[in-house]
Amino acid sequence: MSVVVYAPASIGNVSVGFDVLGAAVSPIDGTLLGDRVKVEAGAEAFTLKTAGRFVDKLPANPQENIVYDCWQVFARELEKKSVVLKPLTMTLEKNMPIGSGLGSSACSIVAALDALNQFHASPLDETELLALMGEMEGKISGSIHYDNVAPCYLGGVQLMLEELGIISQSVPSFDDWYWVMAYPGIKVSTAEARAILPAQYRRQDIVAHGRYLAGFIHACHTQQPELAAKMIKDVIAEPYREKLLPGFAKARNYAASAGALATGISGSGPTLFSVCKEQAVAERVARWLEQNYVQNEEGFVHICRLDKQGSKVTGSEL
């Protein structure tokens, strides 16, 4: 018996919702932009194998891999429920670049915990599993946050609530939007991108942030795409972080001139996203980004749609 789970890339913040908004995306051409984890019966308590395009970026010691940490916390939770942990082998297929702003760590965490849960006939419910995912994300970045793991696991656009036992809830989205994702091939550490932000903000920025975020959520619920796109503005992080992203301002200006509805930094960068209404515009923007924003052979551009499903079982073999 074995199970394979795929977990998609995600856009943390979606510009307008710093630390409280996230969206899962998948390429329209069927490319798997995300990690896969296989769990199968093993001879020992835990064995980890690694594969995939970015396997050389993973720690050599399996016990330094986040998937090992996922197995440990999953074992801790099963013990609380008096459920027997099966001896198993996990294989992480690392298809996502690390430090890319695409929720790379979230992909590994979500795929690992979802696969472990499925392999054990789902002893943990959705909220319990999501809480573990946030805990693991916190282990990597230093603070528990759900804006990548929630959309990666649950799909679509997720708003973090963390009240009344609710971690996040989905926000109505615009299914005809294209999301152009461009990763330049360089690394930006989340810690560095957080350190660059000010400790305090001006009142006018706080007011603007509240207006944009409230306006975006309102426009999503009332299905006003033009208004929603206008509200995708970031006064919290982008003004400070764009200096970490060579060519971002130029790319944003080009995308706007080409007809994109909005452009922003995905997570803490360096990946950017550009929202387009027409596929022709998305293709034009993607071509320009391939030629002008991508810096090396590790970089890539994908035209995506929102991934409404989130993580999913893709069979029993990688």
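Numbers here mean position along the shown chain, with the first residue as 1.
Cβ atoms are placed via backbone N, Cα and C, with glycine included.
These features come from Swiss-Prot:
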type    : residues                                                                            : note
BINDING : Pro97, Ile98, Gly99, Ser100, Gly101, Leu102, Gly103, Ser104, Ser105, Ala106, Cys107 : ATP binding site
Residues flanking the ATP site, with Cβ no more than 8 Å from the Cβ centroid of Pro97, Ile98, Gly99, Ser100, Gly101, Leu102, Gly103, Ser104, Ser105, Ala106, Cys107 and excluding those residues themselves: Ala9, Met96, Asn148, Gly267
Set of same-chain residues at least 6 away whose C-beta sits under 8 angstroms from Gly103 (ATP binding site): Ala9, Ser10, Ile11, Gly12, Gly22, Met96, Asn148, Val149, Pro151, Cys152, Gly267
Surrounding CB atoms that lie within 10 Å of the CB of Ser105 (ATP binding site), all protein chains: 23
For Cys107 (ATP binding site): intrachain residues, at least 6 apart, with Cβ closer than 8 Å: Ala7, Pro8, Ala9, Ser10, Gly34, Asp35, Asn95, Met96, Cys152
Cβ atoms near Gly99 (ATP binding site) (within 10 Å, other residues, all chains): 21
Cβ neighbour count within 10 Å of Gly101 (ATP binding site): 30
Cβ packing number for Pro97 (ATP binding site), 10 Å threshold: 21
